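Q: Below: one structure in structure tokens.
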């Protein structure tokens with residue numbers, strides 16, 4: 001059902017004069033902070049063989065610079081991405097240039113699996129902040145609900161994510177993170193966390209695209225004022241990145257092309273707009289300036305119910321990112 005709780009949307013410009021006129025709206029999180037409803041991802045993803053796409057030189061730094069120039073104010077990174085330093089250099093360069101102020105920006109980073117002990121969380125965030133060269137992040141997320149003893153896949157650590165959450169709460173109390181949340185939790189895990197602590201997660205970040213539209217998680221979150229951020233928003237749209245067993249559609253799908261043509265937009269723009277209208281905050285990634293600019297150009301049109309029915313029909317539950325290498329872990333979410 002196409003419903004989004006309007007009270008979480010504030011169609012006000014809270015940023016400086018440097019933001020283009022067609023500015024992304026913001027959502028008020030359940031802790032009172034504001035989050036831009038469109039973001040820029042810096043994880044370069046997995047290739048068709050499920051191998052991480054490596055960070056190449058200063059590509060991420062240049063991409064973040066281009067994103068800020070294009071009007072993005074929400075930037076997503078993580079300690080495991082190995083690009084926090086590049087994100088930090090770009091953000092601080094734009095602050096030094098006077099293009100933005102720190103309070104204009106919304107920076108997210110994430111806790112990796114090897115720092116799940118409650119006593120380790122604050123130190124892990126402090127290390128991220130050092131790499132970012134920032135004094136705080138706007139959002140700090142538990143990256144996965146399971147724990148490992150090292151950055152490697154094995155061995156696992158017997159640490160409940162409820163313990164990890166206590167460390168996240170302490171990071172927020174210390175002012176190192178304005179808001180806290182989780183990433184890649186399933187509905188059972190999210191409900192358990194919700195019921196366990198007075199301080200609730202402000203954000204859930206999960207894979208969200210045409211094949212994986214997350215209807216149950218979205219309903220749970222929207223009914224409780226938890227914002228949903230969607231990574232891998234293009235899913236298997238591009239043939240050169242799609243796994244051999246990935247279901248349709250691809251970017252050349254006739255139905256998608258017809259919708260895009262009616263709105264004078266590209267297929268990726270239609271997909272991003274659809275996710276946005278579902279109440280999801282998409283965080284597309286690109287290292288190409290023209291695509292960075294194009295991805296953000298989704299706020300001057302709306303989809304109709306015919307469009308939404310067609311786009312809804314592509315939901316199959318297929319995941320691009322399932323990390324089955326962790327499938328034997330306690331608290332593996334999928």
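Including glycine, each Cβ sits where the backbone N, Cα and C put it.
Curation plays no part in TrEMBL annotations; they are all automatic predictions.
Features from TrEMBL:
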- 81: active site, proton donor (ACT_SITE)
- 39-312: domain 'NADP-dependent oxidoreductase' (DOMAIN)
- 1-16: signal peptide (SIGNAL)
- 110: site 'Lowers pKa of active site Tyr' (SITE)
Q: If you average per-residue pLDDT over the domain 'NADP-dependent oxidoreductase' (39-312), what number do you get?
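A: 96, rounded to a whole number.
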Q: Give the sequence-ordered list of residues that share a chain with residue 110 (site 'Lowers pKa of active site Tyr'), lie 6 or more positions from it, and have CB atoms under 8 Å from its CB.
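A: In sequence order, 77, 78, 79, 80, 140, 141, 142, 143, 183 meet the Cβ cut-off.
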Q: Please give me the CB contact count at 10 A for residue 81 (active site, proton donor), counting all chains in the structure.
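A: Around residue 81 (active site, proton donor), other Cβ atoms within 10 Å: 21.
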